[in-house]
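Following: one structure in structure tokens, then a few remarks.
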Amino acid sequence: MLSPTNSTSKKAPVPPQDSSKPVLISEEPQNQLLQKVARTALAVLLVVVTLGLILLFYSFSDLQSFPWCCQTRPSTKEQPTISIPVPLPSPPLAVPRPSTPPPPVISRPSTPPAPTPAISPPSTPSAPKPSTPPPLPPKAPKPVKTQEDLLPFVPEQVFVEMYEDMARRWIIEALVPAWDSDIIFKCLCYFHTLYQGLIPLETFPPATIFNFKQKIISILEDKKAVLRGEPIKGSLPICCSEENYRRHLHGTTLLPVFMWYHPTPKTLSDTMQTMKQLAIKGSVGASHWLLVIVDIQARRLVYFDSLYNYVMSPEDMEKDLQSFAQQLDQVYPAYDSQKFSVKIAAKEVIQKGSGSSCGAWCCQFLHWYLRDPFTDALNDLPVDSVERHENLASFVQACEAAVQDLPELFWPEAKALF
């Protein structure tokens, strides 16, 4: 059965398209795309060229002067200045003034030069010139003070005296060495062999300004106990037996009390500590030896300080010893009720020019007192300090030779009581 459609109306079948082949773009849209790309590239190129020209132009100018510049460092280039011509004012009227004359010369006085009149412009009429005042007298030049002028003038004789004093001190220090407690005790032992009434009291530990009164009272109390046949209450010496010490107390009539003094410590314990520190260092420092002689037979307290007032003034020391003498009158009264008197031996500084001969001077004074207690040997001292210490050096050499064979810190044997 035939189809109702006509055969002539049938179309030819379309062949299937191959999907693998690319679809071609028409030429008109492709040209438009190329034009856009070209315009964009040209615009970018123009912008780059413009910026390059701007940077090239401003490389020769100061970019930092613009407010939008990020740098804060000031510009070091000079700014162009615009000079505006200003009309010059008319010159002022010239008034002649006297010129200052040069400084005077010592050889001949100089005449001040005549004043030079100023030339005024011809176009400006000159005013009448006033009368020229007389020149002022030249001022005297101020003296220039040098460093030598600022220093005080010291005569040559002063330097000579200073040198002589230094040489004198060196000689004195070489003549008399410093004596320690061991040599002083040996010297006392040697004096005991010459004068049996002297008791060689130990100098270590030495008495001080804080305990010398208690030490003297303790010795006198022990002497009274020995005379009564009673046991002594005080401490025994380190290097002396009790029997030997009792014999010394029984026959003694003179107590030589050496005091060690230092101005710094204010108590007994501090004084002992200072003495130990100086002994460790091997230095005498500011220490000083003093001597108090208790003459039991003559009932006298004799105080000797070779520096005269190193501890205190002689007046104050005399008052203090007067009070102590009254105390001794009660501790050790005399049979005839005689009171203890006080004597300050030194009337001036004895050891002039020497700082370490105090121990030797104390022993020298004790030796003079033992020979003649009623003659003041200090009045016969030489005035010259070198000659004075030369005499002391002779005494020191004699004592050192005499005590050379004595044992260390050993008391000599006292005579028997009966």
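From the backbone N, Cα and C atoms, a Cβ is placed for every residue, glycine too.
Quick caveat, the model's predicted, so the values are computed rather than measured.
Summarising the annotation, Swiss-Prot assigns region 'Disordered' to 1-23, 72-143. The compositional bias 'Polar residues' feature in Swiss-Prot is assigned to 1-10. If you look up Swiss-Prot, you'll see 40-60 marked as transmembrane segment, on the strength of sequence analysis. Here Swiss-Prot flags 86-141 as compositional bias 'Pro residues'. Per Swiss-Prot, active site is recorded for H288, D305, C358.
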Other C-beta atoms that fall within 10 angstroms of the C-beta of D305 (active site): 28
Collapsed DSSP category at D305 (active site): coil
Cβ neighbour count within 10 Å of C358 (active site): 25
Where H288 (active site) falls in three-state DSSP terms: strand
